[in-house]
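The ATP binding site annotation in Swiss-Prot covers Gly64, Pro65, Glu66, Ser67, Ser68, Gly69, Lys70, Thr71, and the record cites sequence analysis as its basis. Marked as compositional bias 'Basic and acidic residues' by Swiss-Prot: 325-335. As annotated by Swiss-Prot, compositional bias 'Acidic residues' applies to 336-348. Per Swiss-Prot, the feature region 'Disordered' maps to 325-348.
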Amino acid sequence: MNDRQAALDQALKQIEKQFGKGSIMKLGEHSDQNISTISSGSLALDIALGVGGYPRGRIIEVYGPESSGKTTVALHAIAEVQAQGGTAAFIDAEHALDPAYAKNLGVNIDELLLSQPDTGEQALEIAEALVRSGAVDMLVIDSVAALVPRAEIEGEMGDAHVGLQARLMSQALRKLSGAINKSKTIAIFINQIREKVGVMFGNPEITPGGRALKFYSTVRLEVRRAEQLKQGTDVMGNKTKIKVVKNKVAPPFRIAEVDIMYGEGISREGELVDMAAEVDVINKSGSWYSYKEERIGQGRENAKQYLKEHTDIRDEISKRVREEYEIDGASKEPLEETEETLSLLDDE
């Protein structure tokens with residue numbers, strides 16, 4: 001047994017000498033076993049994710065039908081990162097980002113890094129450079145479907161380019177995944193959906209870009225509109241369901257229900273009223289909502305308005321709800337400039 005241990009120790013020393021300290025270790029010796037997270041900007045989604053937000057150093061895929069709220073979900077996460085003093089980048093392959101809407105959601109557009117690349121290769125090379133800098137806390141690519149390979153752009157309409165985009169994504173993710181983990185960057189890939197032709201049974205919906213992103217993603221979120229939110233005859237927004245389809249850091253298949261209001265994004269007050277009522281932090285009797293024996297509104301909309309006007313009570317309720325769900329809040333520390341992250345570019 002001693003000979004085996006001595007041989008193992010010798011092998012470990014050789015590996016560390018060749019590849020550097022920390023290249024191999026026992027899992028229990030790892031200094032950071034707890035998953036570091038950044039809040040998604042939505043209390044309901046933080047709870048559904050199970051760890052209080054998006055895990056750092058991981059790949060997240062957000063997909064769904066058109067106008068379901070995918071970009072809104074990503075912009076809320078960017079606003080949260082910036083509020084904690086972090087740096088965020090947005091690669092707008094669709095060339096459709098609305099700065100005014102982003103500002104309404106709390107994004108500091110003066111500090112947001114924005115790129116509108118011409119080709120898929122250019123977009124992913126920019127993404128790699130940003131990740132390897134070790135100085136970007138969150139990177140959003142909108143969207144995978146719009147990452148058009150250079151050969152397709154330079155070709156003519158009607159030319160067949162079978163599997164080009166899938167190969168591009170597969171190669172890019174092979175290069176990016178290690179750097180994303182080392183730099184602790186959260187990489188959010190927004191994706192669209194397509195339908196397979198001739199599927200008789202089962203779900204015909206697929207996401208573009210091949211299978212690679214499905215495998216590399218730690219979390220996959222499916223965003224879908226459930227119903228319209230109306231005030232009288234006017235449509236004010238949509239009730240949206242965000243389903244955690246895949247989760248490597250907590251149990252999957254949880255669903256977050258949020259109100260996405262036009263021009264405002266996710267209604268924090270709406271989800272707070274629902275989540276607080278679920279765990280009896282807010283009491284619901286008939287149509288009345290009350291907190292600590294004090295009525296805060298008749299009907300959900302009035303309760304939402306009360307919390308919007310009384311931010312101190314809103315924050316107090318939010319804290320209690322997080323405690324009830326054992327979500328202690330995401331990490332408040334921005335990415336530190338460690339020797340490891342700053343030397344990422346030199347590792348190639």
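Cβ from N, Cα, C; glycine included.
Fewest Cβ neighbours within 10 Å among the binding-site residues Ser67, Ser68: this applies to Ser67. Around Pro65 (ATP binding site), taking its Cβ as the centre, 14 other Cβ atoms fall within 10 Å, counting all chains.
Of all Cβ atoms in the shown protein chains, 8 besides its own fall within 10 Å of the Cβ of Glu66 (ATP binding site). Residues Gly64, Pro65, Glu66, Ser67, Ser68, Gly69, Lys70, Thr71 make up the record's ATP site, and a Cβ search at 8 Å around their centroid adds Val223, Arg224, Arg225 from the same chain.
Cβ neighbour count for Gly64 (ATP binding site) (all protein chains, 10 Å cutoff from its Cβ): 24.
Within 10 Å of the C-beta of Gly69 (ATP binding site) we count 24 further C-beta atoms, all protein chains included. Around the Cβ of Lys70 (ATP binding site), the same chain contributes Val62, Tyr63, Gly64, Asp142, Ser143, Ile190, Asn191, Val223, each under 8 angstroms and 6 or more positions distant in sequence.
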